[in-house]
Every structure is written in structure tokens, then in C-alpha cells.
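Below: the structure, in C-alpha cells.
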Amino acid sequence: MATNGEEQQSQAGRHQEVGHKSLLQSDALYQYILETSVYPREPECMKELREVTAKHPWNIMTTSADEGQFLNMLLKLVNAKNTMEIGVYTGYSLLATALAIPEDGKILAMDINRENYELGLPVIQKAGVAHKIDFKEGPALPVLDQMIEDGKCHGSFDFIFVDADKDNYINYHKRLIELVKVGGLIGYDNTLWNGSVVAPPDAPMRKYVRYYRDFVLELNKALAADPRIEICMLPVGDGITLCRRIQ
């Protein structure tokens, strides 16, 4: 049986506030993962972009290094070539994707803020992968609607990554399911939303966590009930749900 001192030490190693980026109970364990298998294998350009992003006031928005590593390997495993990213920020996950896809691969990248993207663009250019990226500034929904209306892009994407406005995730899914190919993947980021999905109503949460929590819960329920996809929810980063289109 644990002593009071051991219990206090255990609690001290856990995240006390809902809203922490990592979902692991122990900061030390997460640091072990980063220092043992993530940082030593992180490409120099991704390390540089991560360090640039860390200086930005909204750096909590970036994809975590372990998730970037996961995405990079996943894209190689599925041989993704034609991809899409909704929500770019400074481009850490975008760079992970660009490094993974072949030389003639393409990424349609959309974000409402070009300024953030341009913060990381010099690093992406130096890495020699900027030619793979077609960046569009502005809301993604009108672009998706146009693509569906044109009909040329139906079932054409191998992989789509969404890390944007959580209150529109359901709206994105309604459109993306038509654009991803059968057998292709859609990855929705933040689906465990800082652990708030299981938090009691009176749990301490940052305002933005509390605001978007219900939208994330709605998405998770909708994905679980969608017969057109197979799903797998992974506790990587802030939670990512992979959806494989089967019909």
C-alpha cells in the first residue's frame, strides 16, 4: 500500500489542470518518450521549426513532436501522395507530411492566417519541400464545397489531416468523406481535447478548452456511428482519430 508521501509524489507527477498538451499522467514519462525516441530522430528542419514555433505566443496550437513523428511514419506506411491539411499554423505537421510524401507528392494546405504559415515557411523552403505545398489562405469550407461541386476531386486524396476550428469538424467531415479515396485516411486532431472529454463539469479548464469540448464530444460520437469509415482513436499528442473510408 502506498504511503501518504508516495501518494503525494504520485499526484505531483500528474497534470493538475485539464488543458495540458500531453495526455500522459506523468510529465517524466512523456519527457522520456521525447528524449529517447522522438528528439534523437527528429529531422533538423523539424527541430528548427519547432524551436521557431516555441517563441510564438500561441505555440500551444502546434502539433507535438511525437505526433509529428507519428504522422511522418503513417504517411510512409500508406504510401500517401495526394494529401490535404486543414489548419496549418506555422507548419510543423505540414513539414512532417512534406518530408514523408514522394518528390511529386502534393499537399493542399488551408489556413485562415497566412502570417503564421510564413513564420515557418523559410524553414520549409530550406528543407527543399515547399514545391509540394499549395497554400490557400481563408476558410476551408468554401474551398471544399467548390471541389465537391466540380466533381474532379471526388475520392482523390490519400490522406487528409484536420487540426483547425473544432466547431466545424462535423462540417469538415461531411465534405471530406467525399474527397478522400476508399481506403484513404482522414486524421482528426485533438479528439481527446486535453483530456476534457472525460472531465466532470466542474473540472478546472481553460476557457477555450471548455468552449470547444462539446464540439469534440459531438464529433467523436458522430465518427463512432458513421458506417462509411473504420476508426481508431489514439492517445498521441492531444488525441488523434484516424478514419479509414471503406465505402
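Start at 1 and count along the chain as shown; that gives each residue its number.
Yeah, the Cβs are placed from backbone N, Cα and C, and that goes for glycine too.
Since the structure is predicted, the reported quantities are computational estimates derived from the model, not experimental observations.
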Please state which member of Asp158, Asp163, Asp165 Swiss-Prot lists alongside Asp189, Asn190 for binding divalent metal cation. Asp163
Candidate from Thr62, Thr63 that Swiss-Prot assigns to the same S-adenosyl-L-methionine site as Glu85, Gly87, Val88, Ser93, Asp111, Ala140, Asp165: Thr63
Cα proximity to Glu85 (S-adenosyl-L-methionine binding site), best match among binding-site residues Asp163, Asp189, Asn190, Asn194: Asp163
What is the set of residues, excluding Asp163, Asp189, Asn190, whose C-beta falls within 8 angstroms of the centroid of the C-beta atoms at the divalent metal cation site? Thr63, Gly87, Val162, Ala164, Tyr188, Thr191, Gly237, Asp238, Ile240
List which of the binding-site residues Val88, Ser93, Asp111, Ala140, Asp163 have their Cα within 10 Å of the Cα of Asn190 (divalent metal cation binding site), in sequence order. Asp163
